[in-house]
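K.L.:
Pulled the feature table from Swiss-Prot, pasting it below:
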- 163, 337, 366, 367, 388: (2R)-2-phosphoglycerate binding site (BINDING)
- 205: active site, proton donor (ACT_SITE)
- 242, 285, 312: Mg(2+) binding site (BINDING)
- 337: active site, proton acceptor (ACT_SITE)
């Protein structure tokens with residue numbers, strides 16, 4: 001009865017108004033799983049390949065009709081008749097069918113849509129929520145959110161070089177209170193920016209995108225807003241950054257054009273160390289470029305004992321890239337984006353590898369999202385303890401927070417909020 005009898009993909013729109021793939025997997029008993037695939041703006045060079053049509057007469061070349069056709073054709077032909085509860089077999093079949101190292105033939109967006117939709121169908125067939133189906137009986141930890149309240153870099157049209165300025169409400173008692181604390185700081189920040197005559201327009205991930213040049217000015221606004229909202233920075237709420245440094249690494253230098261700085265790897269490490277010394281920053285993502293392995297090692301040696309150093313473009317949720325990072329002593333945490341690797345099975349393998357190496361994991365959205373809240377379930381399923389899913393604005397971001405609130409309610413007294421346990 002859990003046999004797959006039909007797979008159907010369609011072209012829908014993501015939060016940026018760009019096409020993406022949505023897949024339905026239907027089982028013999030009528031059960032259906034549905035998944036929509038996210039898309040990034042600042043993408044790592046080593047990510048699995050998203051298949052786009054390239055037809056400039058439709059969606060400026062960003063259509064995904066070919067990826068949908070791959071699902072409805074080759075992939076459906078290969079998977080119809082398989083048992084939806086055999087996730088490893090389903091994913092392995094698609095990887096073999098694609099035949100490339102980076103899923104470029106069928107498209108990672110096609111493969112991932114089917115992988116996640118199959119898992120959802122199987123969970124429903126087993127009458128279990130997705131977090132329980134994937135994570136088993138031990139899935140009970142609600143993650144501390146990294147709430148992106150000021151956007152820069154590729155996520156906003158402003159001079160700020162660093163892509164994301166985030167708050168982490170570690171002192172909350174539960175996810176419900178964590179969301180409330182974040183919301184209160186978010187709205188306080190809006191008032192502070194408005195009072196300073198700055199724009200309160202929002203970026204791709206729902207954070208504000210003010211015309212600020214300096215990283216320190218952005219951090220100062222956030223600290224002031226935390227305090228005015230009634231919380232203590234560095235005790236109840238900490239700060240986190242996503243530099244997305246690959247985006248401004250040019251000709252061997254870190255070009256912070258908004259601040260008029262051109263830094264070597266060593267100078268960039270010193271720049272970040274000074275920020276950590278002056279502000280309650282506990283996590284920095286993609287602080288160095290994806291190919292600057294020596295810079296990553298220097299950064300980890302300098303700050304890794306007290307700051308979570310997250311590899312996103314560095315690792316791209318890929319076990320092979322992660323193994324290199326572990327061997328080189330580069331970073332101490334992995335960002336988890338299911339569409340970077342392209343299947344649920346490979347994602348879980350990477351998470352397990354990171355955990356066994358003593359790395360932390362941070363479940364993450366992409367800047368181009370949909371109402372699909374799968375990553376909320378996966379954050380709980382993996383007990384990773386942290387999630388990045390944007391600000392307290394835009395329904396595509398709030399869908400994940402709201403799902404976490406529902407999961408916490410369903411878990412009842414067994415639910416645990418990661419809270420201060422994430423501090424190094």
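Glycine is treated like the rest: Cβ placed from N, Cα and C.
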K.L.:
Quick one: give me the count of other CB atoms within 10 A of the CB of residue 205 (active site, proton donor).
P.N.:
31
K.L.:
Cα-Cα separation of residue 285 (Mg(2+) binding site) and residue 366 ((2R)-2-phosphoglycerate binding site), in Å?
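P.N.:
One finds 14 Å between the Cα atoms of these residues.
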K.L.:
Between the recorded positions 205, 242, 312, which lies closest to residue 163 ((2R)-2-phosphoglycerate binding site), Cα to Cα?
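P.N.:
Its closest listed neighbour, by Cα, is 242.
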K.L.:
Which residues, in sequence order, are found in the same chain with Cβ within 8 Å of the centroid defined by the Cβ atoms of 242, 285, 312 at the Mg(2+) site, excluding those residues themselves?
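P.N.:
Close Cβ neighbours, site residues excluded: 163, 164, 241, 243, 244, 284, 286, 310, 313, 335, 364, 388.
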K.L.:
Which residues in the same chain, at least 6 apart in sequence, have a Cβ under 8 Å from the Cβ of residue 337 ((2R)-2-phosphoglycerate binding site)?
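P.N.:
38, 40, 312, 316, 317, 364, 365, 366 - these are the non-local Cβ neighbours of residue 337 ((2R)-2-phosphoglycerate binding site), listed in sequence order.
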K.L.:
Rank the binding-site residues 163, 367 by the number of other Cβ atoms within 10 Å of each Cβ and report the first-ranked residue.
P.N.:
163
K.L.:
Would you count the other CB atoms within 10 A of the CB of residue 242 (Mg(2+) binding site), including those on all shown protein chains?
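P.N.:
I get 28 for this one.
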K.L.:
Counting only residues 6+ apart in the same chain, whose Cβ is under 8 Å from the Cβ of residue 388 ((2R)-2-phosphoglycerate binding site)?
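P.N.:
Long-range Cβ contacts: 145, 146, 148, 166, 242, 335, 362, 363, 364, 365.
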K.L.:
Would you mind reading off the Cα separation of residue 367 ((2R)-2-phosphoglycerate binding site) from the residue listed as 'active site, proton donor', to the nearest angstrom?
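P.N.:
Just about 6 Å between their Cα atoms.
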K.L.:
Among all protein chains shown, how many Cβ atoms are found within 10 Å of the Cβ of residue 366 ((2R)-2-phosphoglycerate binding site), not counting that one?
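P.N.:
Result for residue 366 ((2R)-2-phosphoglycerate binding site): 27 neighbouring Cβ atoms inside 10 Å.
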K.L.:
According to DSSP, which of helix, strand or coil covers residue 367 ((2R)-2-phosphoglycerate binding site)?
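P.N.:
In three-state terms, residue 367 ((2R)-2-phosphoglycerate binding site) counts as coil.
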